Amino acid sequence: MEHNQQPTQFQEMDSGEKRLNELGYKQELRREMTLFKTLAISFSTMTLFTGITPLYGSSLQYAGPASLVWGWVVVSFFTCFVGVAMAEICSSFPTTGSLYFWAAHLAGPKWGPFSSWCCAWLETIGLIAGIGTQAYAGSQTLQSIILLSTGTNKDGGYFAPKWLFLCMYVSLTLIWAVLNTFALEVIAFIDIISIWWQVIGGLVIVIMLPLVAMTRKSAAYVFTSFEMGVDSTGVSSKPYAAILSFLVSQYSLYGYDAAAHLTEETKGADKNGPISILSSIGIIAVFGWAYILALTFSIKDFSYLYDPSNETAGAFVPAQILYDAFHGRYHNSAGAIVLLFVIWGSFFFGGLSITTSAARVVYALSRDKGIPYSSIWRQVHPKRKVPSNAVWLCAAICIVMGLPILKVNVVFTAITSICTIGWVGGYAVPIFARMVMPEKNFKPGPFYLGRARRPVCLVAFVWICYTCSVFLLPTYYPITWDTFNYAPVALGVGLSLVMVWWWVDARKWFKGPVRNIEISVNGKV
């Protein structure tokens, strides 16, 4: 009788929870997030403005508008391959551990522990650095808002010094940690606001900016002009300049795995997880290109954008484009300040969502004893059911990463590179394992590629390797202490320590994802 009742019990379960139990995990987090809420968090993690805005100026400077505009299209095309490959895996493995859990199971019993170890640490490094990128860019936007609100750089406006910039960076990080300490419904509610903020704000900027601008560039200029900024960047090779101009697109078009981190809290995660991943990529690809076109068509004077004596101190190119447009028509900067606040809100929501994702990855890795003092970081708040200790660990590391702001000028370049290589590099491990594994060992979910999986995974894997390589390159010449991209050094040291720990100690006990329920032969929990 008991044997006959078991299927009924499973049938009443959510399909994602059933699959979670089959994989050896019991349901601990609240499963109450809908497709729309999951999509909102995934969309907020990618964000419309936060990738494009901080790197738009430098990418435009390398090779002019055409390379930047068409680079977004090229990167979006290859990103779709990565998204499709990940969506298939997410459909089969709807767990909070996501990437490193996928790596462990897809690589098999021999290579599984090492694959999950590498993937987990890449993803952890990338996500925590991602909090730093949002805090830095948010502080940079706030710096421009304060400058234009107190008068421009030419009229005695207040340009926040480094110490105040660091205070803004730390404050944003702490606010995100506090908000993530509350129940997940609070975060989900804020992220619902975020998706509308970005959709409505994005439409307003994309439509209003070209209409307000008194002078607009021609289509020929935007789509065909290739201008080298040799005097500013020191890059004289056209192919190299084009490669560097793609950085803004490669930095912006990731983060769609956020939906996978929330699968243990999402209803019907084996279906809704893949839908969220692919929908996020599609929405950002379209909106992002429109945002780039709006900024580029509205440029008044290309060379003046980078002039240290201009109204925004040459520190933030999008702010200068907005100022030129609104001041040119209305003779004040109020409109520019309002739109900068919309952009700042996008950074705020993006940082909040990335903090959510980072904490979930740290929690999942701690649950499998892959982080020192795991017993502390894997604790879930008994009432709020959120991994609050993991949240504050991420915030503390992020703050430490930002301390060099006081002395070093290329902090954002380094944090961005570390974030992208860690985050996107983490995608490569499970995708490669999926590509080479025997098909008979894979249990497909509702989203299944079939015979297309090998070519799709191959293109995705090669593209990820290329992306990570580009972010290790020098971005300015000649190379000095002020222009040196120290990401290769920082990543080299960090990953070397992780690998040494593996060979010396962790390989003896780390077995990858650890089941917290036992499943008998007949399928009973």
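Glycine too: its Cβ is placed from the backbone N, Cα and C atoms.
Listed in TrEMBL for this protein:
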type	residues	note
TRANSMEM	35-57	transmembrane segment
TRANSMEM	69-90	transmembrane segment
TRANSMEM	163-189	transmembrane segment
TRANSMEM	195-213	transmembrane segment
TRANSMEM	277-299	transmembrane segment
TRANSMEM	336-365	transmembrane segment
TRANSMEM	386-406	transmembrane segment
TRANSMEM	412-436	transmembrane segment
TRANSMEM	456-477	transmembrane segment
TRANSMEM	483-504	transmembrane segment
Top Cβ-contact partner of the transmembrane segment (483-504) among 163-189, 195-213, 336-365, 412-436 (pairs under 8 Å): 412-436
Contacting positions for the transmembrane segment (195-213) when only residues 6+ beyond its ends and CB under 8 Å are counted: 39-40, 43-44, 47-49, 287, 290-291, 293-295, 297-298, 300, 321-322, 324-326, 328-330, 335, 339, 342-343, 345-346, 349
Stretch among 69-90, 163-189, 412-436, 456-477 sharing the most Cβ pairs under 8 Å with the transmembrane segment (277-299): 69-90
